[in-house]
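K.L.:
What Swiss-Prot lists as active site, proton donor is Tyr235. Taken from Swiss-Prot, the feature NAD(+) binding site applies to 48-53, 74-75, 111-112, 139-140, Lys244, 273-275, supported by sequence analysis. Among the features that Swiss-Prot reports, substrate binding site is placed at Tyr225, with the record citing sequence analysis. Annotation comment: Swiss-Prot describes Glu75 as site 'Plays an important role in discriminating NADH against NADPH'.
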Amino acid sequence: MIIKPRIRGFICTTTHPVGCEANVLEQINFTKAKGKIANGPKKVLVVGSSSGYGLSSRITAAFGSDAATLGVFFEKPSTETKPGTAGWYNSAAFDKFAKAEGLYSKSINCDAFSHEAKQKAIELIKQDLGQVDMVVYSLASPVRKMPDSGELIRSSLKPIGETYTATAVDTNKDLIIEASVEPATEQEIADTVTVMGGEDWELWMQALSEAGVLSDNCKTVAYSYIGTELTWPIYWHGALGKAKMDLDRAAHALNTKLSVTGGSANVAVLKSVVTQASSAIPVMPLYIAMVFKKMRAEGLHEGCIEQISRMFNERLFKADGTAADVDESNRLRLDDWELREEIQQHCRDMWPQVTTENLAELTDYREYKEEFLKLFGFGVEGIDYEADVNPHVEFDVVSI
């Protein structure tokens, strides 16, 4: 079929398999050009490995450290009338390129919150790898099906305490608007912590530990974002922030356990990037368009793969073997460049000035839109989008 982009709300409902493969290859080539990670991991489990930071983590481990990787995700293959999800094609491309280099690659397509996902991962690790020396937890899901009761819990992207009103961009109409978001109820806050907090990360690590599939020096990392006062009302001081604070709680608990055998658990605070997850958060697209323009001008711009490469090389697996630099809460900070005062001051100055008319001039909004489409395999250089492509892509994946 010939596949064109179709946008609905915060997602593109179509995907291009060849474009997705090209995106993955671009990240692989970046990783290879960086050279090998000195003390990198060799057997890695990535929970949430099909897009964004999770995919970049899998690529960095495999192509930067020759690691065997097991990826867990929840994606949809193609049907007779519809292409598969971008994460399906990303994972298929990763599998193809990893196997071509003789690297172990297996994937599990399932609900990562379920007991079954954990048991299947343990089974494959025991069967193929013995143990893993790194676990990356990178789930971004709006819903969690509770593994025991089957109850569906939903997260909320809302402020706490009072209605939040701010200048934002309507990404469908390319208009500057005033966005208002009602505050979360106590129940919505609790539910957001249940879905996006640290509990499931702990359950994964507990299951892996009890099964004896964690090596003595196993490192685990989960991803977070803090930002600044520009986004705090909707993010760090909102319901989502409470969940991310719970991730910190989980990291401390896990670190206490893992450090006994020379392992570690950290939250890595990353910069804002264009992902399917961030595009759904009110105000984030406008902030990202602003901050990207300034960071590009300063030569500090990074996407997912650059961030994760820096985390592996300069934080977790330093060439000199020394411990990672952490903040006062034991977090790895990769948002350091974004948080530089001159970058943030630029955004503070720009925010009141942005209008629909000057949006493209004052910010990198055009580039934001291009990057958003690229997530789904569109607008990638060198791809013929008029060509007939086969949407049915199979690979080494166990579906539960």
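Heads up, the Cβ atoms here are built off N, Cα and C, so glycines get one too.
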K.L.:
Counting every protein chain present, what is the number of Cβ atoms, excluding its own, within 10 Å of the Cβ of Asp111 (NAD(+) binding site)?
P.N.:
17
K.L.:
Who sits close to Ser50 (NAD(+) binding site): which same-chain residues at least 6 apart have their Cβ under 8 Å from its Cβ?
P.N.:
Gly71, Phe73, Glu75, Thr85, Ala86, Gly87, Trp88, Asn90, Ser91
K.L.:
Write down the Cα-Cα distance for Tyr235 (active site, proton donor) and Lys244 (NAD(+) binding site), rounded and given in Å.
P.N.:
9
K.L.:
At 10 angstroms around each C-beta, which of the recorded positions Leu139, Tyr235 has the fewest other C-beta atoms nearby?
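P.N.:
Minimum Cβ neighbour count within 10 Å, taken over the recorded positions Leu139, Tyr235, occurs at Leu139.
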K.L.:
Please report how many Å separate the Cα atom of Tyr235 (active site, proton donor) from that of Val274 (NAD(+) binding site), as a whole number.
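P.N.:
Cα of Tyr235 (active site, proton donor) to Cα of Val274 (NAD(+) binding site) measures 16 Å after rounding.
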K.L.:
Here are some binding-site residues: Phe74, Tyr225. Which one has the most Cβ atoms within 10 Å of its Cβ?
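P.N.:
Most Cβ neighbours within 10 Å: Tyr225.
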